[in-house]
Amino acid sequence: MICLVLTIFANLFPSAYSGVNERTFLAVKPDGVQRRLVGEIVRRFERKGFKLVALKLVQASEELLREHYVELREKPFYSRLVKYMSSGPVVAMVWQGLDVVHASRALIGATDPGDAMPGTIRGDFCMEVGKNVIHGSDSVESAHREIALWFREAELLCWEDSAGHWLYE
């Protein structure tokens, strides 16, 4: 029940729903799944201290992907992106924690792996922009939209993280 109230509040007042309760959407793309990188990616987010709220392995439909990447529809690579993302399974996840949207972008690294720093996911595991292993929400607003697109409300687990008091003051 408390999760439902928090989610409704977050959707009505996204700028107020931040801090340790901020959520982001991540998706390990088909190349990351095929290369068996899911565990390593989850490990990095857990070690950072973020809380996993939802995770599922899905074969994303082109319809879902067109909606997900709607802001890129005018780009020349849009059709290739949708085809690539629907070419195999995707691991969709929701993570929660302090400034998780911004921090997850730093963990992921630059979109173009050539610009990604060593130590980031893309810096360590990617060679080219067309196969860059992972998607991460670029803003709190995008995270709300993407989470609602990929997950039903009942799939978002609200649980008490016993390590929280070791992470936050």
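Yeah, the Cβs are placed from backbone N, Cα and C, and that goes for glycine too.
What Swiss-Prot annotates here:
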type: ACT_SITE; residues: His135; note: active site, pros-phosphohistidine intermediate
type: BINDING; residues: Lys29, Arg105, Thr111, Arg122, Val129, Asn132; note: ADP binding site
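Positions of Swiss-Prot features highlighted on the structure.
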residue : record                                          : CB count, 10 Å
Lys29   : ADP binding site                                : 23
Arg105  : ADP binding site                                : 17
Thr111  : ADP binding site                                : 16
Arg122  : ADP binding site                                : 22
Val129  : ADP binding site                                : 15
Asn132  : ADP binding site                                : 22
His135  : active site, pros-phosphohistidine intermediate : 20
> Any idea what DSSP makes of Thr111 (ADP binding site), helix, strand or coil?
Replying inline: coil
> Val129 (ADP binding site) to His135 (active site, pros-phosphohistidine intermediate): how many Å between their Cα atoms?
Replying inline: 12
> For the ADP site made of Lys29, Arg105, Thr111, Arg122, Val129, Asn132, how many Å separate the two farthest Cα atoms?
Replying inline: 15
> Cα of Thr111 (ADP binding site) to Cα of the residue listed as 'active site, pros-phosphohistidine intermediate': how many Å, rounded?
Replying inline: 9
> Under a three-state reduction of DSSP output, how is Lys29 (ADP binding site) classified: helix, strand, or coil?
Replying inline: coil
> What's the CA-CA gap between His135 (active site, pros-phosphohistidine intermediate) and Arg105 (ADP binding site) in angstrom, rounded?
Replying inline: 9
> In terms of DSSP three-state secondary structure, what is the assignment for Val129 (ADP binding site)?
Replying inline: coil
> Inside 8 A of the center formed by the CB atoms of Lys29, Arg105, Thr111, Arg122, Val129, Asn132, which other residues of the chain have their CB, for the recorded ADP site?
Replying inline: Ile108, Gly109, Ala110, Asp112, Pro113, Ala116, Cys126, Val133, Ile134, His135
